[in-house]
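**Q** If you scroll down you'll find the structure; I have some questions about it.
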Amino acid sequence: MEKRQNYSRKREAILNTVRHTTTHPSAEWVYHQLKPLYPDLSLATVYRNLAQFKKDGIIVSVGTVNGQEHFDGDITPHHHFICKKCGCILDIPGPSTAAIDALFTLKHTALTVERCEVTYYGLCRQCKPE
């Protein structure tokens, strides 16, 4: 039997914080944003809820930077760029991967593509040498 997730203000606040920021936050960043509003909030609660949201498909993980997993509340198809120097994560609009997914599925008929993620790595404008 599937466990039903109970509504809570903290849970909603964690999700809204991830959804309404463009910085691709880590669990620690979310925790520090919400701690003043919810003094009894624990970092473990933030981690647990983010893991559940990711499992439920309502947020995605965009990668690990400096040992911290970062999340995106925008689950519409788009790509990411991660700066190898400063660690900033940027959204990159790009072509849909639907055609690639369809080709892959045709070639590998025993497989079903559910999601394709493209992440570029390099140096951002601020870190790129002139």
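Here the Cβ of each residue, glycine as well, is placed from N, Cα and C on the backbone.
Below are the features listed in TrEMBL for this protein:
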- C83, C86, C124, C127: Zn(2+) binding site (BINDING)
**Q** Please report the DSSP secondary structure of C83 (Zn(2+) binding site), reduced to three states.
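**A** In three-state terms, C83 (Zn(2+) binding site) counts as strand.
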**Q** Within 10 angstroms of the C-beta of C86 (Zn(2+) binding site), what count of other C-beta atoms is obtained when all protein chains are considered?
**A** 12
**Q** Can you tell me how many other Cβ atoms are located within 10 Å of the Cβ belonging to C124 (Zn(2+) binding site)?
**A** 16
**Q** What other residues of the same chain, not counting C83, C86, C124, C127, have a CB atom within 8 A of the CB centroid of the Zn(2+) site?
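**A** My list of surrounding residues reads K84, K85, G87, C88, L123, R125, Q126, K128.
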**Q** Sorted by position, what residues of the same chain at least six away from C127 (Zn(2+) binding site) have a C-beta under 8 A from it?
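**A** Result: C83, K85, C86.
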**Q** With DSSP assignments reduced to helix, strand and coil, which class does C127 (Zn(2+) binding site) get?
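**A** DSSP call for C127 (Zn(2+) binding site): coil, neither helix nor strand.
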